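Features as listed in TrEMBL:
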- A:Glu510: active site, for hydroxyacyl-coenzyme A dehydrogenase activity (ACT_SITE)
- A:364-541: domain '3-hydroxyacyl-CoA dehydrogenase NAD binding' (DOMAIN)
- A:544-639: domain '3-hydroxyacyl-CoA dehydrogenase C-terminal' (DOMAIN)
- A:Glu151: site 'Important for long-chain enoyl-CoA hydratase activity' (SITE)
- A:Glu173: site 'Important for long-chain enoyl-CoA hydratase activity' (SITE)
- A:His498: site 'Important for hydroxyacyl-coenzyme A dehydrogenase activity' (SITE)
Amino acid sequence: MVASRAVGSLSRFTRSRMLRCPGYICRNFTKSSALLTRTHINYGVKGDVAVIRINSPNSKVNTLGQELHSEFIEVMNEVWSSNQIRSAVLISSKPGCFIAGADLNMLTACTTPQEVTQISQEAQKMFEKVEKSTKPIVAAINGSCLGGGLELAISCQYRIATKDKKTVLGSPEVLLGILPGAGGTQRLPKMVGVPAAFDMMLTGRGIRADRAKKMGLVDQLVEPLGPGIKPPEERTIEYLEEVAITFAKGLADKKISPKRDKGLVEKLTSYAMSIPFVRQQIYKKVEEKVRKQTKGLYPAPLKIIDVVKTGIEQGSDAGYLSESQKFGELAMTKESKALMGLYRGQTLCKKNKFGAPQKEVKQLAILGAGLMGAGIAQVSVDKGLQTVLKDATLAALGRGQQQVFKGLNDKVKKKALTSFERDAFFSNLTGQLDYQGFEKADMVIEAVFEDLSLKHKVLKEVEAVIPDHCVFASNTSALPINEIAAISKRPEKVIGMHYFSPVDKMQLLEIITTPKTSKDTTASAVEVGLKQGKVIIVVKDGPGFYTTRCLAPMMSEVIRILQEGVGPKKLDSLTTSFGFPVGAATLVDEVGVDVANHVAENLGKAFGERFAGGSLEVLKQMISKGFLGRKSGKGFYIYQEGVKNKNLNSDIHSILAGLKMPSQPDVSSDEDIQYRLVTRFVNEAVLCLQEGVLATPTEGDIGAVFGLGFPPCLGGPFRFVDLYGAQKTVDRLRKYEAAYGRQFTPCQLLMDHASSPNKKFYQ
Amino acid sequence: MGVSRTSAIWAVIWPSLRGDPEIIWSFIPFTLSVKPMDQDLRMTSLLTYTFKNLPSTSQWALRFSMRPLSCSSQLRVAAAVQTKSKQTLAKPNIRNIVVVDGVRTPFLLSGTSYKDLMPHDLARAALSGLLHRTSVPKDVVDYIILGTVIQEVKTSNVAREAALGAGFSDKTPAHTVTMACISSNQAMTTAVSLIASGQCDVVVAGGVELMSDVPIRHSRKMRKMMLDLSKAKTLGQRLSLISKFRLNFLSPELPAVAEFSTNETMGHSADRLAAAFAISRLEQDEYALRSHSLARKAQDEGLLSDVVPFKVPGKDTVTQDNGIRPSSLEQMAKLKPAFIKPYGTVTAANSSFLTDGASAVLILAEEKALAMGYKPKAYLRDFMYVSQDPKDQLLLGPTYATPKVLEKAGLTMNDIDAFEFHEAFSGQILANLKAMDSDWFAQNYMGRKAKVGSPPLEKFNIWGGSLSLGHPFGATGCRLVMAAANRLQKEGGQYGLVAACAAGGQVCHRSFIGASRKSFSWKQNKFIQECLI
């Protein structure tokens, strides 16, 4: 495929060249022989413009690795030394990808910071040569242009990007715990201004082409083409190349200036940035904000600020040096290892390892238009799934439909959708109160109230109307799927699909299979989940599956800690400063006190003493007073519309005081409280792997981070054990076991890992 | 997101009962031989015709008898007829529908002589012109249909206002249709359907567009406040409403410039289309130059006989189109791209321009026409509407519709003697020609085994097109049909094919303010004309 495309582009090239400039034909032949020796890059000459095409073999994306790097140097040297060539165009032959970033394997293979620094410096050198090239180089960008790809693009003299949805520019390094290590920290602030550069590098957000044009990140936009004489993607790349060539020529002839006109606001900003005092204020402000948000748990953002500052205040040389050194240091941190692990895991969990289902799901039916049901509908209709949303009452249905509309409309407000697209998507949704049309459904997802008898009732009703091939999926957070499937006529078609609230924001989908669930049913569920844009873990059935089961013992510990006299605010700050995105007490409010109680009771019955800890009486008394959490306006905190700072619910004090437990001073330091929570979580997760509920540690980490907010900087419970040390984890557990008993007994698998230090979850 | 749209083609047979007696003469044996079933009807109508045109019958008879002796040119024509795939497109048990004649006001660049008029004034001029040209008794007309795109809100049924003003009977119903740039095509096909179904015998169809004036509205907030104010009962209510007034309420709402569904302007889409088909700026400029040169030639030779002079109140009489401006390629090459800047290929010179104008045609059931003593210009035989993705294939309608209508009619490209395609942009016309000539496109996008082939340029828009004559959105369809009919008559062809592309939906909401020489063409509409010679 790739080869044929390369050959195709070559033949095209040859043809047009032969037509226009017969004199160059011989040259053409020599170039094509050179092409055969290179695997990642080929180039040809059109008139006096070198067209350098990047196309990494056997991959959907181009990544900056050693081979590509050395081939690029080779090609550029030829370009610079040739008298024939006056300018160059840099373009990818792959549709949807310019360069997706540096090759992560290249970084993870390094064992010392010096090696990584070395890589960074080589790239810096190369890109500096590109930047200083006397022959103008135009980067023609179609598709993702991220990380190192962006750094290369901004080293070029000119950038032209397609205005395609797939064209995204960004510096996502910070999300991997590193920084742009090929001159990005130095060039980006000069190109888009310090504030915008900080925003890009510290958030890692992707920037669409039209916005990139406004920011000055790209110089020209090219509209993607529709069907014509060739397939649209192919012709769009060709057109982009044609346009880029005219600009390359224009730049070489000095007819076009690479400098762009700055707007008034931009001029003012850049003037303000020339005042040292203003700059210092900005550094301070950004640093404060970063510290507040990261709680000092993530080293990369602070280093990025530092490197940018060095470059601006002490000059480029110091900046480049600092960049490469900090890059090397960061790549060796635990945080970056954890984050890169998550990145890899996320990629893995976006694949369907069960293969393609026999029948593609086109018609989806959702039972229950509550928060979950409507959320599932929202992520389905905008992917083109025909969706029926059914509820029992018109009012509940109307609320659900409004939720879907609002979700789509918010995207229109953010300009991610046009109002026309919103309407077209919304028309994929049918709201109804009966089972009309269910005979055409390929999959039914029920999201009714968590009550076994109710779930049985809808399952029976649905099975009476759906066709044989239709999958029945239950969205439950704790009810075992086999119990739901017990009354099914066709248990092989019953599966669990556990979405997380809010569905449109939470990336995770936990799919639960029973021993009777067929492989094709699983494949179908995964396929739908992937279509909905979810990261998917597939786990075995059991009380609480994986995610809820890990959360429950931690929640039990939360209650105990509260009973021991630690206030909700203090507990929240302890958990967030450990890296959880949401404080533990707030989490209970968000989940709902009644739901937490329901889950705790169920799992307590199933797992017995291991899940004990705090007294459920706390939750029960809260429920009896109507403190159900955010949804009722009161929980541990008081929630008021429009009030940002939430206040403690003072009535909670009396409940907690009435159920007070004595605290044990030797396991109640701040650190101990944090570790009591985390180790119970981790221990239960490892037990899930031991019992086979989880298939792989990767899925365990992804589930914990994306579904439950386990600190991303720790990379998930399994990565935590690897990086923190199994022995140290066991020691902690033993210490707490001594104080509280069996709830902290480390599981066998964890002890195995502790006893043989070479054993790692990730090799 | 392929939004389904409709589009149309229709076919015309034209028997040229009027004009050259030779044509009339060769008509009779042909009809008799091909359609013996119709003999009675045909003979009756001919008799009626003969009877009503008594003075000319002797000439008729003379010609008839002289036939074997007379001009060889006729023989050539007759020979050509025999090579056609089909000798007629008449269908059994379906009424034959004819165009007696059609007229249009001169098409003017918007903002020129018509700028102080209202749309119904222009339409009235076309209707009066038609009355004058055909001498049709006003009370015989059963129905009037006009097409328009940008509606003047005061005259939303512009057909009715114009008809009353033109002196048609107030008992004659009239309605207005809108279908973007094929609005008058829709008017004509509606007329055909009314006649075919036996509802009417005599229908006037036409269209009008006045781009010199477009409705610019108050903002939604302002409108809401004004409406609420009109409902407010007490001074207190009024004051509280007025207190909510903000200065930004006053910002006006211009008619949308872009396609509603995709937010893309037509010119922008045309530029992308030209790029998708790899059509260069030079090719586009050359085609535009061809259009202007041919239009000038046709104008100079007096071939644009459908134009009727219009005395504009307070101004001089307008006698001809004013947008025909043949330039040189060098001059055209100097223009900057109008839409995709700075490297696009669509410029003001290779796009059609904003135009004011109106047109009207008289459509009758054949037997009625003959009974009334008319010599119709053409049969309207078949039509078809097709639709595609409004984003990337907005302007590719003719490519999709041409093979379909040809198949429906049982003809091939070679059978057609006159092609009249609406020229929205040079790039759009050339893209369609390329698409029709591409096996790859036919196989991958049209679900066909092979290409249909592109129309030969020597039969294609040889009296100019929308690029040069102008394109009043609502009125272009009738111009295309009359151009095809007049060309067939002039050149002695048998079949004509008319196509126009249109985009957008059934409702058009676009206008351009302050922009010059930009244009839009929409949807797909075709006509086949057939001449019986």
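Residue numbers in this text run from 1 along the chain shown.
Each residue, glycine too, has its Cβ placed from N, Cα and C.
Where the annotation comes from TrEMBL, it is an automatic prediction and has not been curated.
Contact annotation for chain B: of the listed recorded positions (A:Glu151, A:Glu173, A:His498, A:Glu510), none places its CB atom under 8 A from a CB atom of that chain. Mapped onto DSSP classes, the domain '3-hydroxyacyl-CoA dehydrogenase C-terminal' (A:544-639) shows 67 helix, 4 strand, 25 coil.
Of all Cβ atoms in the shown protein chains, 29 besides its own fall within 10 Å of the Cβ of A:Glu151 (site 'Important for long-chain enoyl-CoA hydratase activity'). In terms of local Cβ density within 10 Å, A:Glu173 ranks first among the recorded sites A:Glu173, A:His498. Around A:Glu510 (active site, for hydroxyacyl-coenzyme A dehydrogenase activity), the C-beta neighbours below 8 angstroms that are at least 6 residues distant in the chain are A:Gly496, A:Met497, A:His498, A:Phe500, A:Ile536, A:Ile537, A:Val539, A:Phe545, A:Tyr546, A:Thr547, A:Gly703, A:Gly707. Secondary structure at the residue listed as 'active site, for hydroxyacyl-coenzyme A dehydrogenase activity', taken from DSSP and collapsed to helix, strand or coil, is strand. A distance of 11 Å separates the Cα atom of A:Glu173 (site 'Important for long-chain enoyl-CoA hydratase activity') from that of A:Glu151 (site 'Important for long-chain enoyl-CoA hydratase activity').
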